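For reference, the structure discussed in these notes is given below.
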Amino acid sequence: MHLQLPLVATLQVDVVLVLVTVVALWTRLSQLSYPNAVVFDEVYYGQFVSLYMKQVFFIDDSGPPLGHMILSLGAYLGGFNGNYAWNQIGAEYPNNVSVWSLRCLPAVCGALCVPLVYLLTLELRFCHLSALGTALLVLLENSLIVQSRFMLLESVLIFFVLLAFFSYLRFHNRPNSTRICWLLLSGASCSAAVGVKYTGVFSYLLLLTIASVHTWNVIGDRKVSHFSVCVQCVCRVVCLLVLPVLLYVFWFYVHLSLLNRSGPHDQLMSPAFQAGLQGGLSRITQGQPLEVAYGSQVTLRSSASQPIPCWLHSHKANYPVRYENGRGSSHQQQVTCYPFKDINNWWIVKDPGRQELVVSGPPQPVRHGDVIQLVHGMTSRFLNSHDVAAPMSPHAQEVSGYIDFNISMAPQNLWQVDISNRRAESDSWKTILSQIRLVHVNTSAILQLSGMSLPDWGFRQLEVVAEKHFKASGDSLKWTVEEHRYGISQEQKDREAELHSPTDIPVDRNISFWIKFVELQWKMLTVKQEYSEHKYSSTPLEWLTMDTNIAYWLHTSSNAQIHLIGNPVSWCLANLGLLAYQLLAVVYLVRRRRGFKDLPDDVWDRFVCLGCVCVAGWFVNFVPFFLMEKTVFLYHYLPALCCLHVLGPALVEHMHTHLLSASLRRVSCVCVWSALLLVFLSYRTFCPLTYGIPELSANQLQRLKWKESWDILLRRH
């Protein structure tokens, strides 16, 4: 064998792709540090970036942690230390904060969306001119530029969604040995999209649906061997189901590994979770005994995080003899749930068969099923319930600290310990780890946080009741020992002093990552935030015609301003493309039903694939917002808008090639180039509102108010 010289390597470069990529980077990255002030939702995301820099734990119910980690990576590379108070939109960044690095990664992701839609159009098997048209629409879309140039997450979400679909179609269209790499990339991108924002799950489900249809076709292809079918099915399951799940869990693993310090959202988590964070509860509970024993001094925290975390509490105040509605009470000592650390949160676990309120030697642990009494540490009142209606929840029993008024109302102060997360019937009651229910022995009612607030006579604290077993459910029934000491003082005065003196019995309470992951995921999905109406919130129907905009930034002394406002021409073309595709699809389907085949099979398949990716992509990224209770904004429509920008040029090519005569094709070419020119002119017109420069006069700004519903800010000098 003879080696022929010279060796020649051939490199193919798509010049158009390179050019649109360079221009996209320029439009997104140029003068990225302007304005040197906090812009709109940067005030929201910036707080989480600062917490990341300080490794402080937090919860954001709007999405998983990957998006915050990406923003924090840019901040870290720019040397940001987290010491900045994100408390006001428009506040100037100090000189030691690298604004460019804070905004760099979202801008890069936004820029890369342009070459991605170019490549995606090619994978949908349309020509390079259509791909160029798609790239130009995304390149010149003012709203996408604005959203990319700040420390926001929509551009990152769109990037991963486009990458997922491009990679999957590349896998589907390339029957070669390297195609599995594209499938792996698609699965990883799906996981990243969901990891940035929960709304990414809609696109992920769409991709899974398309992949399922393709897999079903492979199974039905008799030309493919049984072994090959099995291998392809396994590969798709692993890459598109198993890998995304594992990566999704991995984002949380990194999140929890980095954020190991106590923070502002600790109270939403269980005591066991909090005890694993540095500072906060772990500092308070360090050295506490593990097993609760008779004579233990404890604080009992409700497992319910709504309406607010709180502790079982009592104080020297009685229920009123009669309530405002005329109902009577027991007039005994109030028992409530108090949302702050307080000396009146302490209770003593008493053995009903012993008078002593101290721990014996050796300590006798309380186990599942044991009957106990709870004595309030500061007032020595027994936790009691009886057949008297609760003040705010008359269907439930009142819970009180028992006072003997000599009126023939005997105490009913026995409670059975039911450990709900026990592993065995003989499990002992453990600090931090055990979730218990306290079942009233006399009535079988369960101690419960009702969630109602007491009136002024109850100091606006939360009501605690005893609810009948068949009516009770949820976390409001469960209680956890958070702080725990072994009592050694029998006298009341000595005991009050002792409550401030923790014992020192080291014990490891670290819980596994999986327990933390499940709890954190559950809290993120179930914690309900109060969503109030925002000045710039909007409805999904307003997005279609862009009847709304968002003022992102206004200069403190001039008319320079930045708005999230779309390119009106490209927005209109997107809607026309959506309507045209739907009309064409209906006509084609009716005619095919009647036996007329207007298109060859390969062209029909391409047309259907275009609809599955673009029209269905628009649908799943738009319609769900009608069902959401949260406050929504114009930027939520941007992923759906990108799908329509891919649809339009491809649909024009389809009509130009298969529906128009030769004479009409020349007319269509003129119309297409005219439309692109209008898109560019519209982009240039709104550039001052996209970049904030140059500053316009009040009259110039007024002329940009193409719709009365747009909120353009005017400052007349």
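Backbone N, Cα and C atoms are what each Cβ position is placed from, and that goes for glycine too.
Listed in TrEMBL:
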TRANSMEM  7-26  transmembrane segment
TRANSMEM  100-119  transmembrane segment
TRANSMEM  150-168  transmembrane segment
TRANSMEM  180-196  transmembrane segment
TRANSMEM  202-219  transmembrane segment
TRANSMEM  231-254  transmembrane segment
DOMAIN    289-352  domain 'MIR'
DOMAIN    363-420  domain 'MIR'
DOMAIN    427-484  domain 'MIR'
TRANSMEM  568-591  transmembrane segment
TRANSMEM  603-627  transmembrane segment
TRANSMEM  633-652  transmembrane segment
TRANSMEM  664-683  transmembrane segment
Paired segments the transmembrane segment (633-652) and the transmembrane segment (231-254) in contact, 3+ CB pairs under 8 A: no
Surrounding residues of the transmembrane segment (603-627) on its own chain - C-beta under 8 Å, 6+ positions past either end: 120, 124-126, 165, 169, 199, 202-203, 205-206, 210, 540, 543, 578, 581-582, 584-585, 588, 597, 636-637, 639-640, 643-644, 646-647, 650-651, 654, 658
Residues of the parent chain within Cβ reach of the transmembrane segment (180-196), under 8 Å, 6 or more residues beyond its termini: 63-67, 70, 153, 156-157, 160-161, 163-165, 167-168, 170-171, 174, 203-204, 207, 235-236, 239-241, 243-248, 251
For the transmembrane segment (202-219), distant same-chain residues with Cβ under 8 A (at least six beyond the ends): 161, 164-165, 168, 172, 186, 190, 193-194, 229, 232-233, 236, 240-241, 244, 612-613, 616-617, 620-621, 624, 639
Same-chain residues near the transmembrane segment (231-254), Cβ under 8 Å, at least 6 residues beyond its ends: 64-66, 69, 180, 183-184, 186-188, 190-192, 194-195, 204, 207-208, 211, 215, 218-219, 224, 513, 517, 520-521
Structural state census, the domain 'MIR' (289-352) (DSSP three-state): 3 helix, 30 strand, 31 coil
